[in-house]
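Below is one structure, written out as structure tokens; comments come after it.
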Amino acid sequence: MSDIRGRLAQGSIWILLARVATNGSAFVGTLVLARLLTPDDFGLVAIAATIAFIIASITELSLSSALIHLKEIDDDHLSTAFTLNMLRSGILGALIAALASPVAWLYGEPRLVAVMIAVSAVILVSGLSNPRMVVFARNLSFRQEALVLGANKVLGVIASITVALVFRSYWAIVAGLAVAQLVSILLSYVMVPFRPRLTLRRARGLLSYSVWLSLGQAINTLNWKSDHLFIGYMAGNSALGFYTLGDNLAQLPTREATAPLSQTLFPGFAKLRDETERLRRAYRRAQALLCMIALPAGFGLAMVAEPMVLFAIGEKWAPVIPIIQLLGGIFAIQTLASAVQPMALAMGVTRTLFNRDALNFGIRMPLIIGGLLTGGLMGAVYARCVSGVVSTFINMLLARRLLDLPLRTQITDNARTIAATAVMVGGLSLLFDSMPSDPAAFIAVKHLVGMVVTGAGLYIVALAIAWLACGRPEGPERELVQIVTKLASPIANLVARRPGPASSE
């Protein structure tokens, strides 16, 4: 168990370093594109990308998950996965290209034809991905994945910004997607050379695990992406542009703060799938650590949304402020049970996940459509908040069922984090109310820096006091101390080995 925890911690560190680089650049890239492009540009590409993403997810084969779940794999498994992905991407590319003209007519937007054809080409190329990369995840080695992730994201952002600076066109966003995909494929073969064969010999074994997972992924994608299509159709490109940017920024801190740990959970849990008690303990530790990071990140962003938007992208994007404020907190709340997905995958209960996703879809989409019809764009945002709380409760019920983990235990595991986050939100609310309202960028950045520093300080102090008051129990605080110690030890050793100044005689 300690060996697995050590490798997971090391993997988390690698992914953390990659995420710091990639999402720092992605965040800067998003802000630069928002300055150079218009909400209409974002909305236009969002329609094409959403349609492609939904179609791709509906046909997603989840082969990487199947390769991780299988106890033993060989080159036949890997070549079969490559062949299946090639067949799928070829069909998808042709389908998305064929839909370009009908979709452009439906939305009354002729520019969609060229954009969708370009996106279909990106989908086609994605079928060349190297399936052998999954071997690293099976062995709980995440350095290679982190390097590929970092390179494709950074180079994709550079490509987007370059095209935006030169052409001031929505093609900048498409160029970033294409470059990121190409870099990812090329580097995967550099990291682990592999010459796949075209074969379907192991197709039955791979698909028998992934079929319900694939169906669940399809439902989940419809659940999370269909709202973009409805908003674009009913409210127009500009409204969709505001919604897309607000959604992306709102989930950024929560997603990226937890990604280093989240990406290691499935292979880590898979090692414990036959030992229920150890899996239960591992789930509780991981879930508590995720919440300790995600809750302050999400609610912190919600509190600083106004000065951040006014300073970073200007008043033309002011409509995204309430979207970030509402969705930032909801994304944070949803991490109260976000580790259910990798835990259930490790246990192999993919049909249960499909049933959950179908239930969430049946709740979420009627709420969002109703909210959009009655309250416009913000009505849809409020509906997302309601459905987000409901889906969190459903995930907690699923954790109770699979691990015999009472709801009270799931809440008390995060009690100190919830209390410290409440202190942070309360303090920032008082600070924000005392600040004069001024859209000037200089004033906005002063407010932003002041609120970020104050919020971080309040949360850390409140959490430390709560932990010490409880007698420094086992929990996410101790896990974080161990991770920080592991990160700091190489630096400390390097400093200790530095030669001192030569003595003079």
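Cβ coordinates are placed from backbone N, Cα and C, and glycine is handled just like the others.
The transmembrane segment annotation in TrEMBL covers 12-36, 42-68, 89-107, 113-134, 146-167, 173-192, 288-314, 320-340, 361-380, 444-470.
Residues 219-220, 222-223, 226-227, 230-231, 234-235, 239, 242-243, 319, 322-323, 386-387, 390-391 of the same chain lie 6 or more positions beyond the ends of the transmembrane segment (361-380) yet place their CB under 8 Å from a CB of it. The stretch from 89-107, 113-134, 173-192, 288-314 with the most CB pairs below 8 A to the transmembrane segment (42-68) is 113-134.
Counting only same-chain residues 6+ beyond the ends of the transmembrane segment (89-107), those with a CB under 8 A from a CB of the stretch are 47-48, 51-52, 55-56, 59, 113-114, 116-117, 119-121, 123-128, 232-233.
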